[in-house]
């Protein structure tokens with residue numbers, strides 16, 4: 001997102017106003033399965049349109065727009081291939097696939113963001129109280145779509161977490177709110193000596209078991225069901241808390257951090273990552289907009305600054321607290337429990 005200092009005139013303002021054009025083009029390309037069709041080999045315009053079901057009228061403009069956006073490459077006049085990034089992350093058969101988030105944007109984010117003005121006037125979330133943002137687990141296919149989108153959001157963080165600590169000092173970790181276990185499985189693969197636990201609501205367990213089977217990690221990551229605030233947390237050397245704190249108000253954040261401190265073994269560590277806002281609150285536009293997303297989708301949630309996170313961890317008794325940038329817009333805070 002362009003910082004305000006780069007908005008110099010009406011052209012920049014209009015470009016910002018029309019920024020959703022590119023987002024919508026990407027979402028349509030994912031819906032048409034375009035990047036999976038192009039995985040492995042380029043296709044000429046006519047064959048690509050036939051296989052993707054694209055009408056000739058808008059085809060060339062659509063595909064060339066994706067070229068201009070860096071998602072496709074064109075050879076000659078009418079042969080298209082995936083860009084390297086699209087081939088890695090938008091082919092649904094690849095492990096780095098993030099297209100699930102594009103589908104979530106289409107079905108959930110676009111409609112709820114249309115109610116931003118109402119949220120700003122009332123201070124109230126704009127999703128149903130029952131079922132929340134994605135509607136709960138009653139519809140398994142909808143739930144899988146949402147969980148796939150969350151895997152996409154968290155996918156890039158796994159590599160950073162694998163190198164964030166000297167993991168030889170630890171024997172176990174809990175991914176708090178770890179959903180279907182995607183990040184926990186990634187971290188266990190990087191450090192097989194670790195005992196891995198995914199802690200989430202009991203309703204998540206069938207999706208967890210299904211995903212672990214697909215990753216062939218059924219015996220490597222265990223599931224523990226419960227509520228963050230009322231059920232006992234598993235004992236572990238490390239707790240991972242990713243994209244969790246931003247969903248709650250200050251009192252609940254502080255209570256959860258205190259519970260984590262209590263559950264950690266002496267000498268253990270907590271890893272907190274979120275789309276934290278820069279301390280000056282001037283340049284992290286995506287994180288600030290993400291905070292508005294929490295306004296739209298939660299009762300009290302918002303994004304927060306690294307300085308706030310350091311203060312909460314320190315107040316709970318963690319020492320040697322530090323922060324560092326990780327994948328994408330995320331910032332990681334690390335704190336240690338004294339021995």
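Using N, Cα and C of the backbone, Cβ positions are placed for all residues, glycine too.
Residues or ranges marked as active site, proton acceptor in Swiss-Prot: 246. The S-adenosyl-L-methionine binding site annotation in Swiss-Prot covers 200, 226, 227, 228, and the record cites sequence analysis as its basis.
DSSP classifies the residue listed as 'active site, proton acceptor' as helix under the three-state reduction. A simple way to gauge crowding: the CB of residue 200 (S-adenosyl-L-methionine binding site) has 22 other CB atoms within 10 angstroms, across all the protein chains here. Proximity of the residue listed as 'active site, proton acceptor' to non-local residues of its own chain (separation of 6 or more, Cβ distance below 8 Å) is seen for 274, 275, 290, 291, 294, 301, 302, 303, 304, given in sequence order. Summary for the binding-site residues 226, 227, 228: the Cβ-based neighbour count within 10 Å is maximal at 228. Summary of the S-adenosyl-L-methionine site environment: with the site residues 200, 226, 227, 228 set aside, the chain residues having Cβ atoms within 8 Å of the Cβ mean position are 177, 199, 201, 225, 229, 230, 231. The DSSP secondary structure for residue 228 (S-adenosyl-L-methionine binding site) is coil. Residue 200 (S-adenosyl-L-methionine binding site) falls within a strand when secondary structure is assigned with DSSP.
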